[in-house]
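Sequence annotations record features per position, and here Swiss-Prot assigns glutathione binding site to 10, 11, 16, 41, 42, 43, 44, 45, 53, 55, 56, 70, 71. For 4-86, the entry in Swiss-Prot reads domain 'GST N-terminal'. Taken from Swiss-Prot, the feature domain 'GST C-terminal' applies to 88-211. If you look up Swiss-Prot, you'll see 2 marked as N-acetylalanine.
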């Protein structure tokens, strides 16, 4: 997106914006990362089309503004623009399959959000002893089927980025949950960071946030 200014607007967290941020980082695209506090959100909300975050504001050289909404649609758009959705129809399917599997895990994680602590702990226990292990095993099987070291072949795709964003959310719920299990997921992250120094640097330097 040469000549364009890209602003990613979200709260001060990883959340639904992280796959967008990581896609831009992995593609080597500069962007402005605007993080909004919950206190400031009510006065900023009317300025965002649809009043929802994340949103991306793209301003061209002539000052024309384009708003982009819906987190995964934005991430897919950016990934496609920068050749990160697979090189063949088969790879595209594999990318989308892994995104779907990761989103199934994300759906479970979302059940814990905005809940009182006692209820959150109860839900966390239920999902980590229920659907999440099943879903993670499905992801491991998909990773085993890759023709390369990454999620789909040897080039970074959106599947890699959505996956590690979701795995970080699982770790947020229980820091030791993945320890000694799911070797394919651990190896995938190791291979991804080795394949993309830009992404490795971003992850090591990004601010610690609760979500």
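Cβ coordinates are placed from backbone N, Cα and C, and glycine is handled just like the others.
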Please determine which of the binding-site residues listed here (44, 53, 56) has the lowest count of neighbouring CB atoms within 10 Å.
44
In Å, how large is the greatest distance between any two Cα atoms among 10, 11, 16, 41, 42, 43, 44, 45, 53, 55, 56, 70, 71, the listed binders of glutathione?
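About 22 Å separates the two most distant Cα atoms.
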Taking all residues of the domain 'GST C-terminal' (88-211) together, what is their mean pLDDT?
98
Check residue 10 (glutathione binding site) against DSSP and tell me helix, strand or coil, would you?
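In three-state terms, residue 10 (glutathione binding site) counts as strand.
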Secondary structure at residue 44 (glutathione binding site) (DSSP, helix/strand/coil)?
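Assignment for residue 44 (glutathione binding site) reads helix.
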Using a 10 Å cut-off, grab the number of neighbouring Cβ atoms around the Cβ of residue 16 (glutathione binding site), all chains included.
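Result for residue 16 (glutathione binding site): 21 neighbouring Cβ atoms inside 10 Å.
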Per DSSP, how many helix, strand and coil residues does the domain 'GST C-terminal' (88-211) have?
86 helix, 0 strand, 38 coil
According to DSSP, folded down to helix, strand and coil, what is residue 53 (glutathione binding site)?
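Residue 53 (glutathione binding site) sits in coil per DSSP, no helix or strand.
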Excluding near sequence neighbours, so keeping only residues 6 or more apart in the same chain, what lies with its CB under 8 A of residue 71 (glutathione binding site)?
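In sequence order, the residues whose Cβ lies under 8 Å from that of residue 71 (glutathione binding site) (at least 6 apart) are 16, 17, 19, 20, 54.
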Find, for the listed binding-site residues 10, 42, the residue with the lowest Cβ contact count at a 10 Å cut-off, counting only other Cβ atoms.
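Per-residue Cβ counts within 10 Å for the binding-site residues 10, 42 bottom out at 42.
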